[in-house]
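Visitor: So that we are looking at the same thing, I have put the structure below in structure tokens.
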């Protein structure tokens, strides 16, 4: 049988041709290119992994509670403690809000006490509460001796009407709110309420509008500067009005209780009115704003966990606006609810037939029941501990308004524990599924206490966000 030649095992092997060498080199080059591409992909993946590791998770937080629960003040506290540079950089913008708080309080006092004057006050005042009652002067003790002095004082303070209109236009939403005093002026005159609504209802972007930029020829900026000069010129008269005994007597006679933040700015009128005035931390925390609609606030943390961003959704608390809350419930990491404990003896300004405490309890129950918030972390602030304590010490009995409290101690600590037990029970029974509830008793203007509380809240938010982003 003839032998078959096996060229594959030929030895010595044939010499490679030039074509064979070129083909071999091409294959090597292709392999090198493939390895280079793979290495580049691996490098980019590693860079992305490292970048993701460095990148802080973004937390979405929902602030809820009835109107005047303290949501805006809490938001300022978060900024003060975790983004202090940004907080102090906005002091100039807050000055306009503080001036409007002060001017509204002064104009309200002048109008509600009907201090006599030779000229009628402008009908456009946004804090006017006209009265047909027989109390046509400040008080019975001021009908003779003090009336001339008070008339002159009112005339000198009359420019503050225009100041109020300018500041209102710069900061507020277009047109009056349905719950503002302006609406009351259109109907039948009525006596001023015991707790007047002098809230500054702001629109989105108000901080930029409130700053004075230099150099500028803008009419609007010149107008804002003029308001500061007028307030400075009226400083002594504002102090004199607030210190006048007959004015204080008139407020007591009409049972008008200005809220604490307005009293604070009136007590500090000389300092606040100065042209050189720069708002202090306490001033900014006490300045009152009322959110219109939903405000989104982005907080870039500067201290702990620097680089993280928290997005707050500050939602208007008035009853008529609550139907618009639901779209903001989705995809939030934590919900912070504020319950103002001091409001147990007052009714809602937007609906005087409803007790504020009952409304807060019902609102809390509906939020706990929300399936959209089933996976969110719940944080409850039992707020306004200072005002609760002040009210109880004045002689107001909690059991007169909450009958089930009966003869338990009428002090802030025990009543706060009642709130804690009550709202915890509602959360337990109304929630779609079991979850933790973090409760804090707070006074939002007490920066020392708030610092400790917010550090705990920060840890809760961080852990929640990491879990939600599957990083732990």
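Backbone N, Cα and C define each Cβ position, glycine as well.
Pulled these features from TrEMBL for this protein:
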- 1-29: region 'Disordered' (REGION)
- 117-146: region 'Disordered' (REGION)
- 120-143: compositional bias 'Low complexity' (COMPBIAS)
- 171-197: region 'Disordered' (REGION)
- 285, 286, 287, 288, 289, 290, 291, 383, 384, 385, 386, 444: GTP binding site (BINDING)
- 291: Mg(2+) binding site (BINDING)
Visitor: Please work out the number of neighbouring Cβ atoms within 10 Å of the Cβ of residue 386 (GTP binding site), leaving out its own Cβ.
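Guide: By my count, 17.
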Visitor: Provide the three-state secondary structure of residue 287 (GTP binding site) computed with DSSP.
Guide: coil
Visitor: Which residues, sitting 6 or more apart from residue 285 (GTP binding site) on the same chain, put a CB under 8 Å from its CB?
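Guide: Listed in sequence order, they are 73, 76, 77, 80, 444, 445, 447.
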Visitor: Long-range neighbours only, meaning 6 or more apart in sequence with Cβ under 8 Å: which ones does residue 287 (GTP binding site) have?
Guide: 94, 97, 98, 101, 261, 279
Visitor: Indicate whether residue 386 (GTP binding site) is helix, strand or coil by DSSP.
Guide: helix
